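Worksheet: the structure to be examined is printed underneath.
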Amino acid sequence: MGLKADSWIKKMSLEHGMINPFCEKQVGKNVISYGLSSYGYDIRVGSEFMLFDNKNALIDPKNFDPNNATKIDASKEGFFILPANAFALAHTIEYFKMPKDTLAICLGKSTYARCGIIVNVTPFEPEFEGYITIEISNTTNLPAKVYANEGIAQVVFLQGDEVCEQSYKDRGGKYQGQVGITLPKILK
């Protein structure tokens, strides 16, 4: 399994729509960086957030109550305030179409990690298609700003030695084609 370089990421995005919109260069002046890097792509967080609150005493991933989260539109302010010790969901600006022989792993940006803001995203499986739902945790005792339309995490692409027999699309993955923030789902 090989780690893919900027030239491959660029080719796959421009010729095959792997990342859309695609920024061919790293943008980093006066913003948290995003765009193409040497061996990855820095994704941007959109302006819509879902803040988990304390309306209900329990979070159940098998039976998630949407009333446990409040939608917040940060497009006007350009940032979202994540309360101390709080959790929110967001989504990428970029839409992904993964090749059948490639898996992507997403890692939080050090700019946020050094402020106690942890970003988690599960792997992008072969032939996954959609916007990426991003999990954001504020591990500090202070409120924290998360900047809309700026970098939030880096994606690295790993190409398999051979094509998988069954992709995420082939399995009918429950998050296939997701648009916007997608709450937890259980197949029934």
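Cβ from N, Cα, C; glycine included.
Around Glu135 (active site, proton donor/acceptor), a 10 Å sphere centred on its CB holds 14 further CB atoms from the protein chains shown. Residues or ranges marked as active site, proton donor/acceptor in Swiss-Prot (evidence: sequence analysis): Glu135.
A strand conformation is recorded for Gln178 (dCTP binding site) in the three-state DSSP classification. Taken from Swiss-Prot, the feature dCTP binding site applies to Lys109, Ser110, Thr111, Tyr112, Ala113, Arg114, Gln154, Tyr168, Gln178.
The record assigns Lys109, Ser110, Thr111, Tyr112, Ala113, Arg114, Gln154, Tyr168, Gln178 to the dCTP site; their largest pairwise CA distance measures 33 Å.
In this structure, of the binding-site residues Thr111, Gln154, Gln178, the smallest number of CB atoms within 10 A of the CB marks Thr111.
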